[in-house]
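Each remark here refers to the structure printed beneath this line.
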Amino acid sequence: MTAPAAANAALDQTVVSLPVQETARVVRDTRPLRLITCGSVDDGKSTLIGRLLWDTKAVKEDQAASLQRDSSGKQNDLGLPDFALLLDGLQAEREQGITIDVAYRYFATDKRSFIVADTPGHEQYTRNMATGASTADLAVLLVDARVGLLEQTRRHATIATLMGIRQFVLAVNKIDLTNYDRARFDQISHEFRELALSLGVRQVTAIPVSALKGENVVYDGRASMPWYDGPTLIEILELATTRSAQTVGFRLPVQRVSRPGESFRGYQGTVAGGSVKPGDSVVILPSGMVANVSKIVTFDLVRNAAVAGDAITLVLDRQVDVSRGDVIASIDSQPTTGLAFDAQLVALQPEGIQPGKRYWLKSGSRRQRVQVQPVSQLELKSGKWNHADELPMNAIGKVHLAFDEQAIFDTYEQNRTTGAFILIDPDTNNTVAGGMITAKRAALGGIHAEESRVILSLPADLADQLMATELFASRREDVEVRRVTAGKAVNIIDAIDG
């Protein structure tokens, strides 16, 4: 074996790709699979999904007739309709022949159901792609066999990884236009596995496909590619696993307090993680009050349990102060509360993310003020994080978040609902970023500047200690102290004086 061949073999062992016959031994996950197609411009994402819909009989008769009519004059050399038209819903998309918005479609086989998001390939629509990736379990990354990996391909793979996706299918599309060149397929597969390894992704399956002809999409392409004996795309999707929200304890972000009468008080929301049943002890955050679950109610039923994804009304065994935006959680597995967190985000607006600017942060139904300090920006070509004081639109960056009052999060790796957030510009109400929590930061306190004054957001006991000092009395014109939910006191007087 030559040195390059040996290196390739070692890499292929590091990045796991299970043959369908081995994967079939795993217990089948029958829950709906959410997937995203991504890649560079004109790699054939919409055509691939259109072909999936067509070959799984998910296209209704009126849609098929409309497709034939809209494809009039656009038929390819094979006389096939333009399957991408099944996805391109916006007039601008049809006129330009590109995808702009994120298009969601549902289809099913006799083994499983699927929700697929077709995302735009153009760089200026990277933010739309990030939206689609935020809820996906698996990414199908398309690459034009004639062109290979491009910067936008790497960008999409990186964003998908940052959004928590750990299962990738590399679809080397338009393989027919290379005369079904196996060497070309192997080269692209190896390059992507190197990229996947650098991103920490180990589960990659590479497939040579022709989306237009439908080869290796639903039906195998062995007649044209006898050298490929792996699974088709649909076989891989049927055996993929979904991300479970059971990895952390019970989470119920409170959306509404229900009081139809004086005898009933319930807390409504969608379970974001774990499970709950009557008798369980729970904690209300950020207050820290404890209660037991008395009853679980849905629209017309009293339930004996609820799990992630269920919309419920939770009744507790005692009167406690619970408001919209609070989180009800397992008492033995609580989310993290704090004034400072580390996060990664994607900038979504032309103004980008400015250093030290204060935004509204919204996570679930909780909305609070936060100061954002960019730390670094990802360079897509090298995969390195470079120092950054600000983040332009479409940039992927690491930031520090400093809150005025206690924030409640899991990390995004633990829970994609309670670990995700958006940033809103208070001046324009535009959503300027979508992000995910990576860790809690050790913090002195919530400290930020407003014009010429320093604002300290501190636990109430520490705030009282500080305001009783001579140092604070001498700096009263320059410093304002705001009380927040009680927490562990930290000695910051020396830091203020410095």
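Even glycines carry a Cβ here, placed using N, Cα and C.
The GTP binding site feature in Swiss-Prot is assigned to 39-46, 118-122, 173-176; the stated evidence is sequence analysis. For the recorded site, LYS45 (GTP binding site), the DSSP three-state label reads helix.
The domain 'tr-type G' annotation in Swiss-Prot covers 30-246.
Here Swiss-Prot flags 39-46 as region 'G1', drawing on similarity to another entry.
Taken from Swiss-Prot, the feature region 'G2' covers 97-101.
For the region 'G3' (118-121), the predicted model reports an average pLDDT of 61. What Swiss-Prot lists as region 'G3' is 118-121, and the listing cites similarity to another entry.
Remote same-chain partners of the region 'G4' (173-176), defined as residues 6 or more beyond its termini with a Cβ less than 8 Å from a stretch Cβ, comprise 43-44, 48, 142-146, 184-185, 208-213, 215, 224-225. Per Swiss-Prot, the feature region 'G4' maps to 173-176.
The DSSP secondary structure for ILE175 (GTP binding site) is helix.
Residue environment of LYS45 (GTP binding site) contains 30 other Cβ atoms, counted within 10 Å of its Cβ in all protein chains. Summarising the environment of GLY39 (GTP binding site), the number of other Cβ atoms within 10 Å of its Cβ, over all protein chains shown, is 28.
Of all Cβ atoms in the shown protein chains, 17 besides its own fall within 10 Å of the Cβ of ASP42 (GTP binding site).
Within the same chain, residues at least 6 positions away in sequence whose Cβ sits under 8 Å from that of ILE175 (GTP binding site) are ALA145, ASP181, ARG184, PHE185, PRO208, VAL209, SER210, GLU215, MET225.
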